[in-house]
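*Asks:* Below is a structure I'd like to ask you about.
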Amino acid sequence: MMGPATSPPPAWTGSPVTRPIMLYKIPWPLERSRRWTRYTPLLNVNNHSLTSTNLWDASIYTRTKKSPWLAVAVYTGMETKMALNYQSKSQKRSAVEKSMNAFLIVYLFILISKAVINTVLKYAWQWSPDRDEPWYNHRTENERQRHVVIRAFTDFLAFMVLFNYIIPVSMYVTVEMQKFLGSYFITWDEEMFDEELGEGAQVNTSDLNEELGQVEYVFTDKTGTLTENNMEFIECCVDGNVYIPHAICNGQILSAASSIDMIDSSPGGYRREHEDLFFRALCLCHTVQVKEEETVESIKRGIHQGKPTSFYISSSPDEVALVEGMKRLGYTYLRLKDNYMEILNKDDEIERFELLHVLNFDSVRRRMSVIVKSSSGEYLLFCKGADSSIFPRVVSGKVEQVKARVELNAVEGLRTLCVAYRKLSESDYQEACHHLNEAKLALQDREQRLAQAYDIIERDFVLLGATAVEDRLQEKAADTIESLHKAGMKVWVLTGDKMETAAATCYASKLFRRSTQILELTKKRTEEQSLHDVLFELNRTVIRQRSMSGLSVDCLDFGLIIDGATLSAVLKANQEGAGSGNYREIFLDICRNCSAVLCCRMAPLQKAQIVKLIKASKEHPITLAIGDGANDVSMILEAHVGIGIMGKEGRQAARNSDYAIPKFKHLKKMLLIHGHYYYIRIAELVQYFFYKNVCFIFPQFLYQFFCGFSQQPLYDTAYLTLYNISFTSLPILLYSLVEQHVTIETLKRDPSLYRGISKNSLLRWPVFLYWTCLGVFDAVIFFFGAYFLFDNTTFTSNGQLMTTNTQMMFGNWTFGTLVFTVLVFTVTLKLALDTHHWTWINHFVIWGSLLFYVIFSLLWGGIIWPFLNYQRMYYVFMQMLSSGPAWLSIILLITVSLLPDVIKKVLCRAMCPTAIERAQDHEKLSRGGVAELTPLSSRRSYKGTSTDSSHLHLGAAETLSLHRSDPLPQKLLVHLAEGGGADLCSLSPYVLRLSGAGYAYYAPGPETSV
């Protein structure tokens, strides 16, 4: 809307209009009627373009009742820029969920197969006339006259209903509960709470918790993610003269700054006109706003001696650092008022420049410009941007000196910008206005025409100088990347910065080590050689080095650097079907053999393309993308797991991510600990559910061979209903929430344990088949064990079966109850054997579930319930428990069922232990598990006296100080693990004993004193 001159409201950040606009004069205030009774089209208004800079929210004016306004009907449909750039969130599914669905399909086929087998065998068994329906189950004449196909189909459906419990429907409910409740552990983690922000980690979706334990590729942004995004102005270079003010960090002058230092690296050191133009350019070419409020986003700023003072804010921290740097060098940006920019020069004089046009920064041009008019009437075009976008447009200036300084600063990891200017004549200015207005008023392809207009205007520059800004590395960023490498993940840095700057940050963050052999795939190299030759040369280098034997691991460590222009060429050549080869596959082959990759000069869309490229490769690895800004959103949405940093560039990344963390260092615990635990827990949950359902329903399948395939259930209806709901649900749910197969300290200390669970190793088909076969074996033991133990039976007078040796009533419900009792105890104790981390709640739930089953069975069979039409379970459970052989058979069958799994685990741990099993053994040793081990060989001993501190002499020149308050085994193991004296594995022949008098150390060899 437009109206009388009033203070303009904040600009709306909406999208430029791409459709025709009609202006109407509307009476104000509007009548309560929803229809406008009169309107007049405005045909004599001047042409103006509506963009995000001059569109305001109409709701601001609905509360204003002043003179009439001009209403603008703006098209906001799917052709607007906002709608066209919108990328909807795709449904992300974890690898565990895909495995669950595949396993479920297998069990569905098993269910159908069981029903088909029983149906066929039933009619084959009844084919003989003497084996028709039993007398107690005769069907009516109408039922007998049905067609055999209809009867067979009816029986098939009956068997499907009988065996449907093999499908673990309750597993999906339990998995969802586990994911939802487990996600709170991330939110509650105090180590992931940031005191500065006052916030902790956030979980936006709980469907991907276990995917955190399967990450193979990590794609990370640099600025604000690896670095603090806390810009500090370091220096500026003007025609070879270097100016270094005192440190100014994000708008705050450090306490050590007391005066202005200027270091002139060139002989003479005199001021020139270019220096003033350079300082003016940085004071004018920006989008910084001056604020005088006392608070911004609840953070008190700009307070000096109790009085509010002005300070700078901007969407880009770089601009704030540059403007603050100019302030320290004598040029202060004051304000933008009535379209005039005011600056205070070194002589304390206020200079006014009329702001005519702003050529905004974009990721393609990598520069921004302003056209201003000085008080003397001179038109000036100031431009700042990346060196790659400024140097080609420069026609004069000390290019070589500035370029040398830029390269030096880039190697040191500083963020560099080049500054240039151009004087415009009246005709040049009018021509520029013509190009800009023509492009802004275009109804079609406005963005392209604006880019063309910018390209025409931004030329023939005079180079003024360059700036250097430091963005410090975040705390523990290097340690986090090093841990991710040890965990087997490949880390890629995707940034829009200059190659040298990004490479320096990669070395500082330990993404590249000094021994890393860097492979460059950049535009500079492809200009010297063809893209085809460079790709094949790099590929040959990698393959040759990998195939060579006898080299150390460090020599085989490759790192790749690629820029956005070369990446576009690789993808474009592949899309066009270049006959020179499949560049995409060659590029992927090179990346597979590199431990780290740096992608510099990347546009936001290219970041998403890189992630999609790796996702679509033949290995289909699990990818994770982490960033802090809006330009990282597309990458975050594309990856399997997206993590947003709560940084200083807004919360777009955090809102669009699956998880949000305050700092990059928290990614280490997010993956190596939370992700590891989540995957271990849910993998056990899935396999256990299939296992216990096989144990549950396979005896029912076997029972049909002994009941004439009459669909007679083996278990009572109450047992069928409560098996998955009450008897076996809580133990596995609690296990999936609190289980810790190794401690948190072990996972932190040894990131390589993450490799043991990668590539969905615990939900592979061999593991799934083992659990299924184990369930079938246990089910066979349950059924036939009970069957053969009670096969010596006779008929009683009332038709029931009674064992001759125990005089126990033994009917079909007693038999089913016996099998069910063994089943419940076996599957529960199986979970107890798999539990490593015991707490009081584990004991309560596991033993409480077994106790609940016993109490329920006693009540269910001990009372005549009036609401039941049958009393078939009355006194069955008590009758079964009154028999001594029944108790013996229950204990024997449970032991036989669990024995194979125990033997398998013992043999595997002894013969070929995994890394996790070795870590578990080391944990037991560190807790004093070595204490009473006695070597077979003879040994000498020396017992120390009761002193407050002693020394353990492990070698000729090593002494480990021990105090009585220290845990001796733990301290010794830590010392040995760090390489002191002996290897950790060599500890087995030694014995450590603690006594009240002192410490004793026994060794099989020479005497060692304590």
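Cβ coordinates are placed from backbone N, Cα and C, and glycine is handled just like the others.
In TrEMBL, annotation is done automatically, which means it is predicted and not curated.
Sharing the feature lines straight out of TrEMBL:
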- 102-125: transmembrane segment (TRANSMEM)
- 156-175: transmembrane segment (TRANSMEM)
- Asp221: active site, 4-aspartylphosphate intermediate (ACT_SITE)
- Asp221, Lys222, Thr223, Glu319, Phe361, Lys384, Arg415, Thr495, Gly496, Asp497, Arg601, Lys607, Asn631, Asp632: ATP binding site (BINDING)
- Asp221, Thr223, Asp628, Asp632: Mg(2+) binding site (BINDING)
- 654-914: domain 'P-type ATPase C-terminal' (DOMAIN)
- 768-790: transmembrane segment (TRANSMEM)
- 810-832: transmembrane segment (TRANSMEM)
- 844-868: transmembrane segment (TRANSMEM)
- 874-899: transmembrane segment (TRANSMEM)
*Asks:* With the transmembrane segment (156-175) as the reference, find which of 102-125, 768-790, 810-832, 874-899 contributes the most Cβ pairs under 8 Å.
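*Replies:* Most contacts with the transmembrane segment (156-175): 102-125.
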*Asks:* Over the domain 'P-type ATPase C-terminal' (654-914), what does the predicted model average in pLDDT?
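*Replies:* Mean per-residue confidence for the domain 'P-type ATPase C-terminal' (654-914): 87 out of 100.
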*Asks:* Given a separation of at least six residues and a C-beta threshold under 8 Å, show me what packs close to the residue listed as 'active site, 4-aspartylphosphate intermediate' in the same chain.
*Replies:* Val493, Leu494, Thr495, Lys607, Ile626, Gly627, Asp628, Gly629, Asn631, Asp632, Met635
*Asks:* Highest Cβ count within 10 Å among the binding-site residues Thr223, Asn631: which residue is it?
*Replies:* Thr223
*Asks:* Taking the Cβ of Gly496 (ATP binding site) as reference, which residues of that chain separated by at least 6 in sequence fall under 8 Å from it?
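*Replies:* Within the chain, Gly496 (ATP binding site) has Cβ neighbours under 8 Å at Ser363, Arg366, Gly564, Cys600, Arg601, Met602, Ala603, Asn631.
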*Asks:* Report, as a single number, how many Cβ atoms besides its own are within 10 Å of the Cβ of Arg601 (ATP binding site).
*Replies:* 23
